[in-house]
Amino acid sequence: MNIPDELFEALNKQVTAEHQAALIYTQLSYDLDRLSFPGMSSWMAVQASEERVHASKIADHIIARGGKVELGTVELPFLAVKTPLDAFNYALEHEQQVSEMIRNLTRVADEVKDLDSRALVNWFLSEQIEEEDTVSEIIDQVKLVGEDGSGLLRIDTALGARGTSS
Ligand code: FEO
């Protein structure tokens, strides 16, 4: 394997973290389905799939460089979702934690002067800005309509129209 040990450990942890994110989004998808917001539920399910793609991107990098991916235990926090706003707040909170992990990963890659992971790490840095921005925008819209049922249903319809992306 040609990945420095410290970076290998951080990359491996990130694979598990992306799977954890997928499970959190899956839970949020179930919660929103329970609250009768099928569009929002579907948005969360698509997000869960994206997280698995993120995990694969890092796993592929590790394997391509001769490493062995070792998945760790995934622990899920209890998510007390009573409203769509709760669900998206949890999503944002989690994305912020992931962003911090990616920044740490970047610091490790810099410290060990690993050039080969640079493109991967840069992709994730940009992706996290986009992920946080997207969820923040939804939170703003949900806050704007407040308790207005027809407003929430319009957002639900718009989010349900989301297709799969990277
Ligand atoms: Fe893999 Fe939502 O960040």
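Along the chain as shown, residues are numbered 1 onward.
Even glycines carry a Cβ here, placed using N, Cα and C.
Where the annotation comes from TrEMBL, it is an automatic prediction and has not been curated.
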TrEMBL annotation, Fe cation site containing Glu51, His54, Glu95, Gln128 - matching residue among Glu18, Glu75, Glu147
Glu18
Treating G and I as helix alongside H, and B as strand alongside E, what does DSSP give for the domain 'Ferritin-like diiron' (1-146) in helix, strand and coil?
113 helix, 0 strand, 33 coil
For Fe cation, what surrounds Glu18, Glu51, His54, Glu95, Gln128 with a Cβ no more than 8 Å from their Cβ centroid?
Ala17, Ala21, Glu50, Val98, Phe124, Glu127, Glu131
Counting only residues 6+ away in sequence within the same chain, which have a CB under 8 Å from the CB of Glu95 (Fe cation binding site)?
Ala21, Gln128, Glu131, Glu132, Val135
